[in-house]
Amino acid sequence: MRKGLRATAARCGLGLGYLLQMLVLPALALLSASGTGSAAQDDDFFHELPETFPSDPPEPLPHFLIEPEEAYIVKNKPVNLYCKASPATQIYFKCNSEWVHQKDHIVDERVDETSGLIVREVSIEISRQQVEELFGPEDYWCQCVAWSSAGTTKSRKAYVRIAYLRKTFEQEPLGKEVSLEQEVLLQCRPPEGIPVAEVEWLKNEDIIDPVEDRNFYITIDHNLIIKQARLSDTANYTCVAKNIVAKRKSTTATVIVYVNGGWSTWTEWSVCNSRCGRGYQKRTRTCTNPAPLNGGAFCEGQSVQKIACTTLCPVDGRWTPWSKWSTCGTECTHWRRRECTAPAPKNGGKDCDGLVLQSKNCTDGLCMQTAPDSDDVALYVGIVIAVIVCLAISVVVALFVYRKNHRDFESDIIDSSALNGGFQPVNIKAARQDLLAVPPDLTSAAAMYRGPVYALHDVSDKIPMTNSPILDPLPNLKIKVYNTSGAVTPQDDLSEFTSKLSPQMTQSLLENEALSLKNQSLARQTDPSCTAFGSFNSLGGHLIVPNSGVSLLIPAGAIPQGRVYEMYVTVHRKETMRPPMDDSQTLLTPVVSCGPPGALLTRPVVLTMHHCADPNTEDWKILLKNQAAQGQWEDVVVVGEENFTTPCYIQLDAEACHILTENLSTYALVGHSTTKAAAKRLKLAIFGPLCCSSLEYSIRVYCLDDTQDALKEILHLERQMGGQLLEEPKALHFKGSTHNLRLSIHDIAHSLWKSKLLAKYQEIPFYHVWSGSQRNLHCTFTLERFSLNTVELVCKLCVRQVEGEGQIFQLNCTVSEEPTGIDLPLLDPANTITTVTGPSAFSIPLPIRQKLCSSLDAPQTRGHDWRMLAHKLNLDRYLNYFATKSSPTGVILDLWEAQNFPDGNLSMLAAVLEEMGRHETVVSLAAEGQY
């Protein structure tokens with residue numbers, strides 16, 4: 001009763017103040033209008049009154065302490081919805097836009113002792129019948145409405161649904177028999193239910209916890225993956241779905257992990273079982289490496305092998321008959337002999353016993369004694385003199401040969417045709433200053449030799465790039481011979497040639513080459529055009545190597561919160577950085593490093609590189625190689641052979657590949673041609689000098705991998721050499737047919753120009769082009785004009801693969817001292833931005849991205865989830881990679897961002913979402929002004 005009075009007084013507090021003002025103020029006004037006699041008294045009275053009267057502060061809007069929550073009706077049990085607000089004079093429920101009758105409310109009211117405000121709590125009961133009687137597309141919902149003197153407040157809507165769980169699984173797991181260490185996928189789609197059923201897996205009735213056993217993984221689609229099947233994984237697996245209504249179990253799927261038997265190594269051959277004559281030897285092996293288990297196949301083949309053997313029987317030796325006695329000697333003895341050859345001992349037989357020689361006195365003890373003969377002394381003296389004379393003659397001959405050889409060593413080589421019949425005479429001393437004059441035309445070499453013009457005798461129809469050896473090999477030094485027409489470039493070693501050179505010249509060659517390589521290495525290390533770096537935090541960003549087709553996308557959230565990484569991406573041009581390859585393999589991309597190595601990432605980054613492979617992947621086996629910390633190259637991914645343990649994902653587009661990885665390291669894409677139809681794209685670029693004041697004019701034809709970085713390197717190199725692009729580069733499909741690349745020049749005005757190429761064409765060997773390891777590969781055509789007044793050059797250049805495709809360039813050049821040639825925007829000077837950080841690096845606004853992830857990550861019964869998004873965007877080559885991520889949609893959108901950088905293609909993305917029925921996201925994109 002006291003609580004009720006206090007509540008009534010609290011409600012009336014504002015009203016009493018208002019009544020006092022309305023009643024007292026008019027009365028005071030009447031008193032002020034009374035007679036003048038009491039004016040002074042009235043003034044005193046008014047001075048004693050305050051200007052304003054106290055009143056209660058204004059009451060605030062109701063604030064909900066408890067709002068109704070979603071509820072589920074299990075079987076026929078009704079549910080209660082609760083609502084509490086303060087301050088509130090009234091609270092009512094509204095269900096499906098209709099007010100609930102007052103009698104259905106259970107009201108509890110009290111005054112908060114701290115604030116003195118009224119706290120009102122209301123509850124209602126919802127039955128199954130009420131929910132079932134509702135017709136319409138929307139579920140049954142209820143909402144609280146609270147009143148106070150300041151106004152009304154509405155709570156959130158609470159939906160009431162009838163809970164259920166179907167009995168039949170939409171997809172049940174199926175039993176499998178798998179080999180040891182094979183990946184196993186058990187699929188399960190739980191029954192339809194409200195609320196959505198939770199899924200867990202049982203192994204022999206024990207719950208599987210992937211945290212405890214990391215060999216198990218449960219995907220976001222409720223599928224169970226056994227990463228590498230073990231013998232202990234042989235068990236019965238059951239998918240369990242449960243919610244507040246019921247618990248359902250699928251049929252049991254039996255997984256049997258079998259082991260195929262393997263042979264042990266063969267034992268050593270046994271000794272021949274026959275001690276004399278024919279027999280056999282045998283060796284054995286057992287099917288225990290490993291032994292077959294769980295129905296695995298037994299070893300195929302024989303467990304015992306036998307071979308014939310023959311053991312030779314031993315033969316004991318026997319003496320031949322004694323020979324006749326010899327004549328009586330000077331010592332009065334004679335002798336006779338016999339041999340152990342009748343038969344001789346063989347195969348371990350016993351030797352003959354006894355003496356081989358037998359001697360006895362032949363004069364019955366009577367022997368003559370004679371003095372030494374003086375003739376023997378004369379004989380010995382003659383022999384000694386003859387030996388001395390022979391030694392003297394030998395010394396004289398040796399001195400003569402030594403002097404003759406010494407003169408030959410210091411003399412000049414007058415006729416080089418003695419070394420190779422295909423060249424005119426050349427004097428080595430006169431040509432020494434030109435040994436290191438010109439860089440190579442076709443391939444890089446350790447050192448170079450350039451002499452005067454050579455004429456070729458018996459010129460054939462073509463000059464291949466790999467001639468027979470001109471001279472004998474020179475250890476550790478490759479010397480190329482060039483003529484001024486650029487026609488011949490042998491790669492043979494020349495040891496006998498350098499044996500005629502002085503040691504100082506050979507040392508000069510080596511020192512020059514070492515200095516050249518050192519300078520090139522230093523130049524590349526300090527070349528900023530190959531590297532991009534920047535600082536990034538959890539907001540992510542983009543690193544771009546300008547004009548190289550190489551970039552690194554760091555998604556938002558990839559770097560842990562609160563950390564800042566100094567990241568980089570660089571293109572390697574050193575040949576030592578290229579992975580080793582066999583003859584059937586080719587490098588399809590530049591070698592690219594991203595770092596810092598070992599950085600902790602919470603989601604994959606996207607490394608983008610241009611490649612030169614033909615899009616038909618059926619002719620290719622494409623491998624992603626990674627350089628380990630020790631410098632060794634390892635295969636990371638084989639495209640099309642991914643499994644659950646594959647650490648990276650590769651998306652191959654027509655010209656670029658995108659690598660999703662969480663390991664910052666050095667990568668390169670290598671192609672292995674499975675058929676001769678496999679093709680790679682080449683870029684053909686033709687350069688000439690900016691100005692030419694001599695009669696000779698050189699045209700360089702580069703045959704490069706069709707990547708932006710390869711063309712960028714050549715453009716920089718030619719700019720330093722004073723060259724210019726004569727014609728727009730063209731692409732050529734080069735097949736793995738082992739046929740060479742042939743280059744020829746045609747339609748020259750012979751009255752004005754002549755070609756210094758003596759053959760009809762030049763050829764580059766197939767493997768020089770196919771390997772992709774020959775940097776700056778090119779041929780040179782040298783033309784000579786008859787007069788300096790000739791300033792126009794018109795000709796055609798043909799580049800084609802033998803029995804393959806080709807390209808024809810129509811050249812129309814102006815030869816002058818002023819730079820001429822076409823101006824192609826191959827290197828965009830405005831494209832110098834290397835780092836973009838934060839939200840500006842991404843096309844999709846962050847709120848829309850979060851909305852897409854929240855709505856598409858959860859699996860949908862109709863399949864309108866991240867899997868359909870990947871299918872619509874053609875990113876569904878290996879969905880298991882995305883399924884292992886916490887947000888598959890986010891990783892797919894990261895890959896889409898890298899594909900469409902920098903312009904983005906939001907209109908296409910909006911069209912895909914429209915097809916998937918995501919209208920609200922399309923509206924959001926339109927609101928952003930992007931669609």
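Glycine is treated like the rest: Cβ placed from N, Cα and C.
As the structure is a computational prediction, the values presented were derived from the model and not from experiment.
The annotation disulfide bond is assigned in Swiss-Prot to C83-C144 (among others) on the grounds of similarity to another entry. In sequence order, F64, I66, E67, P68, I91, F93, E121, V122, S123, C144, A146, S155 make up the list of same-chain residues 6 or more apart from C83 (disulfide bond) whose Cβ falls under 8 Å from its Cβ.
Of all the Cβ atoms in the protein chains shown, 22 others lie within 10 Å of the Cβ of C95 (disulfide bond). The disulfide bond annotation in Swiss-Prot covers C95-C142 (among others).
Over all protein chains present, the Cβ of C239 (disulfide bond) has 26 other Cβ atoms lying within 10 Å. For C188-C239 (among others), the entry in Swiss-Prot reads disulfide bond.
Sequence-distant contacts (6 or more apart, same chain, Cβ under 8 Å) of C272 (disulfide bond) comprise G279, Y280, Q281, C309, T310, T311. Per Swiss-Prot, disulfide bond is recorded for C272-C309 (among others).
Sequence-distant neighbours of C313 (disulfide bond) (same chain, six or more apart, CB under 8 Å from its CB) are C276, G277, N347, listed in sequence order. The disulfide bond annotation in Swiss-Prot covers C276-C313 (among others) and is backed by sequence analysis.
Annotation comment: Swiss-Prot describes C287-C299 (among others) as disulfide bond. Packing around C287 (disulfide bond) is summarised by its Cβ count: 18 other Cβ atoms lie within 10 angstroms of its Cβ, all protein chains included. In three-state terms derived from DSSP, C287 (disulfide bond) belongs to neither a helical nor a strand segment and is classed as coil.
Here Swiss-Prot flags C328-C362 (among others) as disulfide bond, drawing on similarity to another entry. Listed in sequence order, H334, C362, T363 are the same-chain residues at least 6 apart in sequence whose CB falls under 8 Å from the CB of C328 (disulfide bond).
When secondary structure is read from DSSP and collapsed to three states, C332 (disulfide bond) falls in the coil class. For C332-C367 (among others), the entry in Swiss-Prot reads disulfide bond.
For C340-C352 (among others), the entry in Swiss-Prot reads disulfide bond. Long-range neighbours of C340 (disulfide bond) (same chain, six or more residues apart, CB within less than 8 Å of its CB): G317, R318, W319, T320, D351, C352, V356.
Among the features that Swiss-Prot reports, domain 'Ig-like C2-type' is placed at 161-256.
Per Swiss-Prot, domain 'TSP type-1 1' is recorded for 260-314. For the domain 'TSP type-1 1' (260-314), the model gives a mean pLDDT of 89.
The Cβ of Y568 (phosphotyrosine) lies under 8 Å from the Cβ of T531, A532, F533, G534, L543, S593, C594, G595, P596, each on the same chain and at least six residues away in sequence. Annotation comment: Swiss-Prot describes Y568 as phosphotyrosine, evidence class similarity to another entry.
If you look up Swiss-Prot, you'll see 1-40 marked as signal peptide.
A straight line from the CA of C332 (disulfide bond) to the CA of C239 (disulfide bond) spans 115 Å. Same-chain residues at least 6 positions away in sequence with a Cβ under 8 Å from that of C188 (disulfide bond) are, in sequence order, F169, Q171, E172, P173, V199, W201, H222, N223, L224, C239, S250.
Between the candidate disulfide-bonded residues, C142, C276, C309, C352, C362, the densest Cβ environment within 10 Å is the one around C142. Across the structure, C299 (disulfide bond) and C142 (disulfide bond) are spaced 71 Å apart at their Cα atoms. C95 (disulfide bond) is 75 Å away from C287 (disulfide bond) when you measure Cα to Cα. Following the DSSP three-state reduction, the secondary structure of C299 (disulfide bond) is coil. Mapped onto DSSP helix, strand and coil, the domain 'Ig-like C2-type' (161-256) counts 3 helix, 44 strand, 49 coil.
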